[in-house]
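Below is one structure; the comments refer to it alone.
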């Protein structure tokens with residue numbers, strides 16, 4: 001590619017930096033002048049002491065069999081990839097981060113090819129014109145190819161949009177025409193008729209500016225519009241921003257039209273008898289799918305016949321796993337599988353998936369890709385030689401599928417039929433490295449399973465939809481994100497705000513409809529035992545109250561530190577308050593500095609402790625909580641260091657459990673107790689030992705090969721009264737219906753995590769009514785967290801929150817601390833700015 005070709009294809013917005021950009025690009029094109037960041041293509045760097053598996057052909061290659069070993073390709077280090085990304089970003093600054101990353105991945109990190117791909121296939125930010133057609137061969141990883149009908153392709157030609165802006169600052173006053181055509185007419189109509197909230201959707205338009213525009217309406221013609229904008233000191237660029245918004249709305253309208261067409265096609269296929277599948281004969285004869293599961297199977301078969309990917313979003317506990325197993329059995333029974341299938345699951349559900357497949361369909365041959373690095377290396381060697389053959393299903397975890405460059409390469413290259421993602425809400429953020437890795441898996445079709453498709457905001461749902469149907473949404477993703485990120489901010493006409501939000505809701509529902517199947521337990525499980533949810537506001541113990549109020553008083557009297565200190569800003573302060581609200585031993589009050597000096601001396605002389613400098617050891621102990629100090633000393637066999645039992649049992653929540661647990665045990669109930677914090681679970685363990693209750697425990701540190709044994713033991717052994725679980729590790733994908741009581745010791749900021757946790761026992765197979773206890777420390781920051789969680793739960797019903805998740809979390813923290821510490825408005829704003837700076841400039 002010549003320099004002139006590059007210059008010709010560059011966007012107008014990048015022309016001012018063309019010379020430096022071409023210089024940056026040239027170093028990647030001409031080997032003899034290449035920058036040192038580019039390794040010579042004649043050799044492949046190897047990490048000393050590590051062997052490479054046989055390299056597999058990339059799916060971009062021209063060969064027919066992507067599993068055939070090919071010549072070794074250039075392998076770049078992470079640093080080299082970062083440098084190439086920076087070079088591409090510098091050359092193409094007007095393209096989205098994800099678009100640049102995807103283009104580099106598609107072109108094997110060739111910067112010149114990546115830049116060409118961007119300019120031919122992707123829209124720069126704010127660009128609305130047509131794009132040149134790409135000459136690159138598409139990859140068969142689900143991003144292009146047979147995941148839906150060609151009639152559904154989201155080409156830019158579908159929405160005719162003008163490349164010319166409606167306002168040009170070089171136009172003279174005499175050139176202002178009263179005659180309007182095309183885009184000007186649409187912008188003029190919008191500026192005359194848009195509501196306050198609609199005007200606020202235009203870039204740079206605040207509520208104050210939008211009100212000023214409404215005050216000078218109506219506009220008689222184009223020149224009147226421009227003159228009145230000038231009279232209220234608003235730039236004509238505002239008209240271009242309005243044009244940009246209208247074009248985005250047109251793009252989304254085109255997508256909605258396509259979605260409606262897809263719904264019509266699906267309905268026609270169903271009415272013509274597509275689907276109508278009964279329980280596959282390959283399923284175990286003694287097991288029977290529920291009626292709604294048969295419907296789910298038929299939905300999957302219709303989607304398969306229409307070559308459409310989908311999201312099975314049944315509420316937690318409705319047996320999504322079983323429906324997928326039945327679908328895979330249907331494919332095998334009818335000879336429809338074109339290759340092996342991949343199922344990607346959280347570590348905690350790996351063994352459960354294997355057990356359920358064996359139980360429901362023993363005919364499906366399962367290969368579990370798991371184990372040590374050496375074991376996986378040997379398996380990769382076999383896959384490199386034979387491909388994914390000899391089995392129907394390859395089962396692995398989210399962690400392992402992207403664990404090493406070799407594994408990412410393997411799943412990008414080897415062909416798969418279906419890839420199924422369990423707990424797919426893990427893909428809700430399209431900016432993460434995990435999302436970028438998983439979207440390159442080379443599968444013909446995709447199915448996502450999630451019981452909570454909506455958690456924080458609409459954009460998370462859009463991330464899932466873009467993952468499941470990438471080509472359908474890819475070229476419009478920035479427009480979709482922009483529109484769904486808008487939120488009605490007016491404090492005025494609430495009917496107007498509600499109408500704006502209702503429009504967003506209806507858009508989201510129409511986009512979702514072809515791709516998502518969601519049923520609720522209350523609608524399909526008529527015989528499921530009832531669930532009673534109780535919020536128990538528990539008073540703190542007397543000493544706990546003293547500690548909590550001391551902390552609040554300290555920060556209330558040092559508001560400057562709260563609002564400005566980067567080290568002890570918002571979240572850290574809130575966490576200290578949460579710790580004391582849960583248990584005093586999560587902070588340090590019992591062990592004095594003098595105690596720590598003595599402990600430091602003993603540890604320095606201990607053969608099992610590596611450090612010998614007493615001062616360093618003291619400083620390390622000084623930042624620990626009482627319980628951490630106790631654990632440290634016991635770890636190194638100083639068993640004389642103890643915390644009295646009365647202090648371990650001294651928290652408001654434990655005092656409540658002193659009444660609740662004996663009553664539950666006497667009545668024959670069994671309990672799941674969840675906490676977000678493993679340190680809190682450590683203290684609960686000590687409490688249960690003191691109270692002589694039998695228990696077992698599962699958290700993120702529990703070995704994967706042990707987890708299923710723990711679940712089996714609890715379900716089969718009535719003597720185990722309490723199962724301790726961390727909310728994240730133990731709250732997804734496991735069946736614990738032997739319990740009928742769930743205690744949420746400390747609630748999560750994200751209430752959907754708690755809902756997942758409680759559904760471990762309230763699900764298919766439960767025979768008894770279920771009771772959920774949420775413990776909230778009275779008059780503490782936990783009451784504010786509960787209110788924030790209840791607001792988020794409205795998403796599931798209304799789909800109304802359209803803010804970015806990170807910003808929403810930050811505002812929650814600011815609001816909670818403002819209330820807890822009595823900050824005034826200026827201090828609240830200062831804290832908000834401090835958190836903004838902290839997020840923008842994280843510590844290195």
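Just so you know, glycine gets a Cβ as well, placed from its N, Cα and C.
From a predicted model like this one, the values you see are computed outputs, not experimental measurements.
Swiss-Prot lists 1-23 with the feature compositional bias 'Low complexity'.
Look at Swiss-Prot and you will find 1-75 (among others) tagged as region 'Disordered'.
Per Swiss-Prot, the feature compositional bias 'Polar residues' maps to 30-42.
Look at Swiss-Prot and you will find 121-180 (among others) tagged as region 'Disordered'.
Marked as domain 'Helicase ATP-binding' by Swiss-Prot: 301-471.
What Swiss-Prot records for 314, 315, 316, 317, 318, 319, 320, 321 is ATP binding site, and it gives sequence analysis as the kind of evidence. Mapped onto three states, the DSSP output places residue 315 (ATP binding site) in coil. Within 10 Å of the C-beta of residue 315 (ATP binding site) there are 20 other C-beta atoms, taking all protein chains into account.
Across the motif 'DEGH box' (422-425), DSSP classifies residues as 2 helix, 0 strand, 2 coil. Taken from Swiss-Prot, the feature motif 'DEGH box' applies to 422-425.
Predicted-model confidence for the domain 'Helicase C-terminal' (656-818) is 83, expressed as mean pLDDT. What Swiss-Prot records for 656-818 is domain 'Helicase C-terminal', and it gives sequence analysis as the kind of evidence.
Annotation source Swiss-Prot lists phosphoserine at 834 (among others).
The annotation phosphoserine is assigned in Swiss-Prot to 838 (among others) on the grounds of experimental evidence.
Annotated phosphoserine per Swiss-Prot: 841 (among others), in sequence order, evidence recorded as experimental evidence.
Counting neighbouring Cβ atoms within 10 Å of each of the binding-site residues (316, 318), the lowest count belongs to 316. Residue 320 (ATP binding site) counts 24 other C-beta atoms within 10 Å of its own C-beta, drawing on all protein chains shown. Shown in sequence order, 451, 763, 764 are the same-chain residues outside 314, 315, 316, 317, 318, 319, 320, 321 whose Cβ sits within 8 Å of the Cβ centre of the ATP site.
All protein chains shown were included, and the count of other CB atoms within 10 Å of the CB of residue 321 (ATP binding site) stands at 21.
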